[in-house]
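Input: one structure, supplied below.
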Amino acid sequence: MERKISFLFSDNLVHAIAGAMGSAVAITVFYPLDTARLRLQVDDKRVSKCTPGVVAEILDEEGLKGLYRGWFPAICSLCCSNFVYFYTFNGLKELWLGKRGSSTPGKDIVMGLIAGTVNVLVTTPMWVVNTRLKLQGARFRNTKIKPTSYTGIFDAFRRIVGDEGWGALWNGTLPSLLLVFNPAIQFMVYEGLKRQLGKAKNEFTAVDILIIGALAKAVATTSTYPLQTVQSTLRYGQHGPVKKRGVMRSLKQMVSLLAQRVHQMGPGALYRGLEAKLLQTVLTATLMFLLRLGSELGKVQMFQEANRETRVQIQQSVRGKDVFIIQTCPRDVNTAVMELLIMTYACRTSSAQNIIGVVPYFPYSKQCKMRKRGSIVCKLLASMLCKAGLSHLITMDLHQKEIQGFFNIPVDNLRASPFLIQYIQEEIPDYRNAVIVAKSPASAKRAQSFAERLRLALAVIHGEAQDAESDMVDGRHSPPPSMPKSSASIHPSLEMPVMIAKEKPPITVVGDVGGRIAIIVDDIIDVVDTFVVAAEILKERGAYKIYVMATHGLLSSDAPRLIEESLIDEVVVTSTIPHEVQKLQCHKIKTVDISSILAEAIRRIHNGESMSYLFRNIGVDD
């Protein structure tokens, strides 16, 4: 990894500002494409029919300023539009779902359509003004188009109302309302592509998701582009006088404009500027994807030979560099471990300066204690990684914090609890009426930490339905020899006291969950039987909605089916482990992205900065 690596990180407010600035940067970079698209849609007499030709004409006739005309009104309109949409969407979500409902893709689409409709009705005047200002000063080839001379946003509002009436501010409302279905089309195409590709792939990478999303956006944009052409024409307001307004008259006017354009210039005229719109969409998505990391991935080839041996070939020099090996652990955990070991050793033998493993979920972490005549496999894996050449490890929410002692290298055990707590506060309606639940006494400390930070009550499930890990009996039993051997230190007749066997009490819930939201917290969700049983118990005790939250969502075996059929309303896990396939099988599974804290950890280690910032307010028991 090159020395020019750079990331940004701060509190939630800074993240929001950074996201907004990232969007503004993307819009600014590709704004000329949008200018070219609008010229092609409105000015039907242009000789150039493609985006590069129009951009060249604007640069030659109007200069660089012409490509960025109307930039500030566009930014203002976009900010207002996003505010109205998300404010309406979240209000509908709270009103419709309330305390008892759970969100589904169908409900999200319906709420999105309603929020989009409200957004169109409220913000169309701003987009009309934005269109007028963006085209102001343009050199049109169509001589019938009259140039405008507004002095600014407020002057445009005043003159449009004075010259054309209040109704002119809502020109193009009907095609805008029809374009509200664009996200629904994109969502259906996106889910369809994921479903088809999911049959051939066990998991999706971030690049896969980027490509699928770009394809879905391209299909949705292409299918609705004629409506965007009519929308731009109507907003500019030079399509002819409108004597009466109404839904049917607007529909007739829209159809008439489409038919007129096809009759005069052919069907292709409806798609003029489409390549600019598609290019802008794809490039914006790609730019935001790259800005997320701020660094390119190293070149490495990894494959399995015919005999199932793993082979790794690093295809660029790593001599004297800091190498960060990011490894997630999908279903084939043993292959993932071997890939990590071989790649680490390959970097070591290639003279890398530092080799840092970024392993969000550390495999075999559940085998961190001696049970019966087994072994502490987690310690074995730690020793193997150190021997292979790892110099530092970044991980998240180890199953037991003491696992850090298995390594003789620095280990940074990051926490996902801030992200999960933020999800509770933002995504669970009326979370103040919730109670944090530990499904066994073993997970009580983690649950207590969540409860104290959220200022909520705590409940613990205790009794015979506990999972096996909550009973940490050593488990080794050997019958005494028939002929005890004499010993110089122990008298043969000495009787050793025998530990009394445990007897688990009937299952009980310590704490009041009646009439409240129950949020079960744990570090790992693997086999979900115990969570399903816990949900049934909590329902019997009066909880009306049940969430399960954990850092690592292994979701092995038939976990998605069991969750789908259970009383659990929602399972929230982080992105430490890929589980796209499981999400396709169960709509109750939600993902919280934790990539930002991993990126910041990489940046700080690479630049030699303190890691204490990432552990603010983290207690010993967290």
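Using N, Cα and C of the backbone, Cβ positions are placed for all residues, glycine too.
Model, not experiment: these values are computed from the prediction.
Heads up, here are the entries from TrEMBL:
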REPEAT    10-95  repeat 'Solcar'
TRANSMEM  12-33  transmembrane segment
TRANSMEM  70-88  transmembrane segment
REPEAT    103-196  repeat 'Solcar'
TRANSMEM  109-129  transmembrane segment
REPEAT    204-298  repeat 'Solcar'
DOMAIN    292-389  domain 'Ribose-phosphate pyrophosphokinase N-terminal'
REGION    467-488  region 'Disordered'
Can you break down the repeat 'Solcar' (103-196) into helix, strand and coil residue counts using DSSP?
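Helix/strand/coil tally for the repeat 'Solcar' (103-196): 72 helix, 0 strand, 22 coil.
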Along the repeat 'Solcar' (103-196), what average pLDDT does this model show?
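The answer is 81, the mean pLDDT of the model over that range.
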Kindly report the helix/strand/coil residue split of the domain 'Ribose-phosphate pyrophosphokinase N-terminal' (292-389) according to DSSP, in that order.
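Taking the domain 'Ribose-phosphate pyrophosphokinase N-terminal' (292-389) as a whole: 31 helix, 21 strand, 46 coil.
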